[in-house]
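For reference, the structure discussed in these notes is given below.
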Amino acid sequence: MALDLPRITAAAVRLLDEHGLAALSTRKLAAELGVRSATLYWHVRDKDELLDLVAEAICAEAFDIDDTLPWRDQLATGLRQFRTLLRTHRDAAQLLRLRPPRGPHRLGHIETTTRILLTAGFTPTDTAAISVLLADHVLASAAEDDRRAGAAPRAELIGSPTGLTGPATEPTGPPANPTATHAGQSGSPADPPTAPADPPTASAEQSASPADSTGPAAEPSGPPADPTAAPAERNASPAGPTGPAAEPTGPPAGLAASTAGPTGLPADFPHLRRVAPAYRDLTGEALFELGVEVLLDGLAAKLAKTSSA
């Protein structure tokens with residue numbers, strides 16, 4: 001079979017779905033196609049061009065949006081369709097953040113969002129900012145779905161006294177790593193079904209997952225922060241010594257074991273303890289829909305304020 005761009009692109013999308021973005025390379029693609037890498041470069045200039053082809057292929061599906069609906073219903077429809085599209089391909093959100101929109105499919109999605117917002121009465125400046133905001137919401141949701149495939153249940157993220165990691169029961173090991181942070185990805189306009197796509201300035205390190213800090217707390221292997229501290233002081237520090245004898249067996253220092261409730265949270269956080277069980281019921285779909293509702297309500301309020309000025 002002759003080698004051409006459609007065949008190359010289809011094979012690249014297949015590799016992306018099977019192995020993820022990190023494993024997608026021209027060398028592996030050449031092997032998948034049964035050709036030498038040098039042969040592949042007759043058709044694709046470099047890996048960036050290959051990724052652009054894959055991104056365009058992912059966004060090739062047109063969005064079915066009824067332009068007779070109110071503007072906020074059009075946006076909501078497009079955002080949902082865009083999220084559905086991203087969820088059909090592994091690491092699609094990460095790829096769209098990595099590569100700026102250049103092809104007709106991705107630019108067409110941006111055009112759709114721009115038309116809806118301008119027709120609704122938003123200014124060009126507001127339209128650009130809103131497009132980025134809406135795109136980020138969809139990309140963050142899709143990226144979180146990818147990460148959560150092997151992540152701990154959301155209920156566990158609020159279960160420990162630190163509020164970051166550990167089961168929703170009283171901890172029996174060392175406290176969660178105090179340096180753990182949430183992954184961040186926002187601020188890049190990635191082509192949403194109704195929201196523009198990542199611009200040339202978009203970076204691959206930008207997608208936010210509000211509650212997904214699931215990494216295990218790594219036991220420190222170096223010296224304590226204050227090498228001049230007395231042994232007793234070092235043992236009381238959050239990091240603790242490296243020896244097993246000093247490993248804590250209860251809540252973090254300063255929290256009496258008797259204050260930990262059934263959620264593993266201390267008693268002096270009564271409001272957090274009250275809502276902690278609700279985290280078990282949160283889903284990516286619910287978070288996405290809540291975000292859409294909040295965003296659109298805010299946009300409606302802004303438009304009303306602008307119109308009355």
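Positions of Cβ are set from backbone N, Cα and C atoms, glycine also.
Features as listed in TrEMBL:
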- 2-62: domain 'HTH tetR-type' (DOMAIN)
- 25-44: DNA-binding region (DNA_BIND)
- 146-270: region 'Disordered' (REGION)
- 161-171: compositional bias 'Low complexity' (COMPBIAS)
- 190-199: compositional bias 'Pro residues' (COMPBIAS)
- 238-257: compositional bias 'Low complexity' (COMPBIAS)
On the DNA-binding region (25-44), the mean of the pLDDT values is 92
The DSSP breakdown of the domain 'HTH tetR-type' (2-62) into helix, strand and coil residues is 42 helix, 0 strand, 19 coil
